[in-house]
Every structure is written in C-alpha cells, then in structure tokens.
Amino acid sequence: MKKTLQGTTVLHNGVKMPYFGFGTYKVKEGEEVYNAVRTALETGYRLIDTAALYENEEGVGRAIRDSGIPREEIFVTTKVWNSDQGYDSTLRAFETSLKKLDIGYIDLYLIHWAIKGKYLDTWKALVELYKEGRVRAIGVSNFQIHHLQDIMDHFDEIPTVNQVELHPYLTQEELREFCAKHNIKVEAWSPLGRGRLLDLPELKRIAEKYGKTPAQVVLRWHVQNDIIVIPKSVHPERIKENADIFDFELSDEDMAAINRLNRNERFGKDPDHVDF
Ligand SMILES: NC(=O)c1ccc[n+]([C@@H]2O[C@H](COP(=O)([O-])OP(=O)(O)OC[C@H]3O[C@@H](n4cnc5c(N)ncnc54)[C@H](OP(=O)(O)O)[C@@H]3O)[C@@H](O)[C@H]2O)c1
C-alpha cells in the first residue's frame, strides 16, 4: 500500500492514528516548541508527541490552536510521568495535561514507563478515562513483553500502542512480534538513534543510492516496517527533510541491510531498570 505523510494506521479500538509524526522531547517550552510544532504542522505532520515530563505541553497546545488546522485532523499524544503513577495521581495528572494543552481532548494517553508496583493501578486509571470517553485511545511506553503480559493478565482492555526505543541499532524483533500478535501498534522513540547513527557508512551508502539523506533512509525503513515514527528536530530544514520520505521505496535488500545493523544497543534507559 502506498504510504503518505498523512497516512494512518488503525488502532485496535478503531481509532485512526497517523504513522508519521513529530517528537518534542528536549524542545523547550515557549517559542522553541511553538515554532517547531507550527513548522511541523505547516509541513504536513499530523501527529504530535509530547509528555508531562517534557514541560512543553502549553507551547504544543498553543501551536496547535494557532495552526488553523481543524482539531480533529491532528492527533496528540501525551504521557503520565513516573512520579504521578498510581490510580488517583494519574487521574489528576491527566487533568493537568489536558488543561495545559487546552485543545479540548487528548487522542492518546500513555504510561511513560512501567513503574514496578504502580503501573497496574496507573493502567486502571487510564482504562477508566477511556471508558468515560475522556481520551480516544490509551497505551503504554517502554513496556517489555512481561509488562504487557501482566496488563493482559489483569485487564480486558489492552494497550493500543507501545512506544519504545527503536532504531537500526535496536530493532526489537521479539517485542515487535509479540505486539503484532496482540494487535498493539509499535511506535519508535529515538527513531534516528538521537541522530547518532547518521554517519554509519552503510546508511550513507544506501542514502546515496536513492538520492536521500541517512535520516530519510532510516525513517523510511521504519515506515516500511509498519512502525509509527516521531522524529524530533528544532531546525525547520530538518523538520522538512524528515517528512520528505514518501517519494521513494527501499528495496527488500536494503531493508535487510539496515536490519543487519542491529546490535541490541540502547541509547536510553533499560525499561527493566528504571531508577527515575
Ligand atoms: N517514551 C519515551 O520514553 C521517549 C523517550 C525519548 C523520546 N521520546 C519521543 O520520541 C521523540 C524522538 O526521539 P528523540 O528526540 O530522542 O530522538 P530522534 O528523533 O531519534 O533524534 C533527534 C536528534 O536528531 C537530530 N536530528 C533530527 N533530524 C535530523 C536530520 N535530518 N539530520 C541530522 N540530525 C537530525 C536532532 O537535532 P536537532 O533538533 O538539533 O535538529 C536531535 O538531536 C522525542 O522527541 C519524544 O517525543 C519518547
């Protein structure tokens, strides 16, 4: 099927979610996040990813409101931070995020990390928010297979999305297979490996062949693997470059060559050892 910048995937509850979006981690509250999100929306991005942790929900919301794009055409994700986990505190954190964003509703609410002893209560709160129609979809982030299994053992309502670190050095084959089996969409954070993989000779070789940049090749690889991606940049030219990946297709051979770069190497924290 042909992929497009505003193309969507269907979550297991029937909600459509764009598979290409914009990340805002470390994008500063105020003008920086406002300008970056405005540029992303003008470029055609329709998925914006934020989190309470990023402390930029107000700027994200203002950029969305000022964009002139109908609210229902934009899909917004935010996340409950670790220190707010637990049933009552999650319900309160949701209200705070909703108020800061000030865009009427949140499309997707995620548990940021699987905090031991707390994430089941947190999930209970998310299920309640979903059942009350306060949020269109609920999901998780940084959940390993055993965390997902634990949720499934305790609840009928299972996550629609699992947002995890995923890039050519960490291809997450086993987790992806598990998620596919249970109809949980996988979303890649640090899809560009935080920009640290872009000098790899193999990526440069493939990029040259298609007349594209290594960043574009990596993002295209994600999209062809049916992974939702949310690259971040504060530079308008990179925001545009990253979205310009829908006019070429990587061959099976080049997809396999990128798969082979895997080293099971994380740039971020190991979800089984969360100490923050
Ligand atoms: N759920 C979680 O725990 C979690 C964790 C981390 C991230 N996330 C989400 O995932 C999003 C993306 O991850 P990320 O921000 O960590 O990393 P990323 O998108 O893989 O990479 C961002 C880095 O790459 C640079 N960059 C972007 N486009 C580039 C290009 N075309 N050429 C060269 N360099 C480029 C950016 O620099 P400039 O900005 O200077 O251009 C930035 O330093 C986040 O923003 C956030 O929304 C979620």
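Each residue, glycine too, has its Cβ placed from N, Cα and C.
Y54 (active site, proton donor) has a Cβ environment of 21 other Cβ atoms inside 10 Å. TrEMBL lists Y54 with the feature active site, proton donor.
A 10 Å cutoff on Cβ-Cβ distances gives H112 (substrate binding site) a total of 22 other Cβ atoms nearby, all chains included. In the three-state DSSP assignment, the secondary structure recorded for H112 (substrate binding site) is coil. Look at TrEMBL and you will find H112 tagged as substrate binding site.
According to TrEMBL, the feature domain 'NADP-dependent oxidoreductase' maps to 21-262.
Its Cβ taken as reference, K79 (site 'Lowers pKa of active site Tyr') is surrounded by 25 other Cβ atoms within 10 Å in the chains shown. Residues annotated as site 'Lowers pKa of active site Tyr' in TrEMBL: K79.
Geometry remark: Y54 (active site, proton donor) versus K79 (site 'Lowers pKa of active site Tyr'), CA distance 10 Å. When secondary structure is read from DSSP and collapsed to three states, K79 (site 'Lowers pKa of active site Tyr') falls in the strand class. Cα of K79 (site 'Lowers pKa of active site Tyr') to Cα of H112 (substrate binding site): a distance of 5 Å.
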